[in-house]
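Here is the structure we will look at.
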Amino acid sequence: MRTSPVWHPFTQHALEAPMKRVVGTEGAYLIDEDGAPILDAISSWWVITHGHRHPAIMEAIRRASESYDQIIFAEYTHAPAEELADGLIGIAPTGLKHVFYSDSGSTAVEVALKMALGFFHNIGAPRSRICVIEHGYHGDTIGTMSAGERGVFNAAYEPLLFAVDRLPFPEAGREQETLDAFEASCASGQVAALLVEPLVLGAGGMKIYPPAVLAELKRIAERHGSLLIADEVMTGWGRTGRLFACEQAGVAPDILCTSKGLTGGALPLAATLCAAAIFEAHLSTDRRRTFFHSSSYTANPIACAAALANLEIWKTEPVRVRIEALAAKQKTHLRRFEGDPRFCNIRQAGTVSALDLAVPVGGYLSEVGPRLRGFFRERKLLIRPLGNVIYLMPPYCVSDADLDRAYDAIDEAASAFAAGWL
Ligand code: PLP
């Protein structure tokens, strides 16, 4: 058994192959110890958007580090955080007017939940419930696990998790059941917010639902005075085809969480954007109405500078064109598996593609995922299926040849599986 002092996330150290050491990154690749490029077909857990070490982001980091390290973010402020807040409000869905910084997707969502409860508490009409869609994933803190799917990931922590109202996932043809369940939940008058991953439930299995459902959920929330929290930690920054997935549904959420691609993936940073009414409910001469949340590294100036460089890239480079082209290529590649009995549930949302390997037992704990991972690793491809759900979420700079290689490997893996030797 390995005795490394490093404890890696989502890793069963007793079963995993030794870690591969990465010595550098470049564009769509991780570089391994032998100097060989590994195609990062999942953008290093979905953070890298434009490609690893985009020169403009690296330059912004270098320049910011000449003036800043960390600065306390109460009593003091700094230009990178202020400019970034203005920039984010300028490009986010309408109605989002304030930006609260933190440092990961989980904290962005945790902040959103606290903002929602704080809003109702501060206006003197407290509400106690949060609604979510089943199969969601919002992070690994106690609060975000409570909102996420219950199961093997959080069984040990169950005694500490709080109850939420769970809506059935809007399966095709059964969307009305989701809407009816939300309506019923809201009828309690206690739903502070509906927390959703817009259009794609990521870690829950790349499950995709139509924009019209999101739009209808928003209408129901509005009717009942409940808030809509859009967890765009994965879907944001172009993954589903638009800057934010909410745009595809024409939905303006009351709170929006972003992280991952906010800095182009270069540094940890998160932001929770909220409507003016939520901020204003926390404005008072009564100090008890303060928003009591912070993390030490809130609004790290160097990370904010990286995020500003990311915004600039969106303005000055043809990112949208790249995204459209990548989405079109994903579509073409997926087409080759249509009607193929080795696969089912072939699906796509913009630059994200997914398909399920047709196996009798394919849950997250089955050996299918680790075996596939090993197969891809041998071929210098970073692809980490969620059980039997194989998905690609490459950086937007991925080349046609590399995308071909990734799909060829998926094809080969499926044949190997069918032949029973993988
Ligand atoms: N929300 C969503 C939709 C995510 O996909 C993730 C991470 O994958 C998170 C929240 C948690 O983000 P982090 O891992 O940065 O805490």
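For all residues, glycine too, the Cβ spot is worked out from N, Cα and C.
Quantities reported herein were computed from a predicted structural model and do not represent experimental measurements.
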According to TrEMBL, which candidate in Lys20, Lys114, Lys260 joins Trp45, Tyr137, Ser294, Arg384 at the substrate site: Lys260
Which of Asp40, Asp165, Asp231, Asp356 belongs with Gly105, Ser106, Ser295, Ser296 in the pyridoxal 5'-phosphate site listed by TrEMBL: Asp231
Contacting binding-site residues for ligand 1, chosen from Ser106, Ser295, Ser296 when the Cβ sits under 6 angstroms of any of its atoms: Ser106
Fewest other Cβ within 10 angstroms of its own Cβ, chosen from the binding-site residues Trp45, Tyr137: Trp45
Nonlocal neighbours by CB distance (under 8 Å) for Ser294 (substrate binding site), same chain, sequence gap 6 or more: Phe73, Ala74
Cα-Cα distance linking Ser106 (pyridoxal 5'-phosphate binding site) and Arg384 (substrate binding site), given in Å to the nearest integer: 21
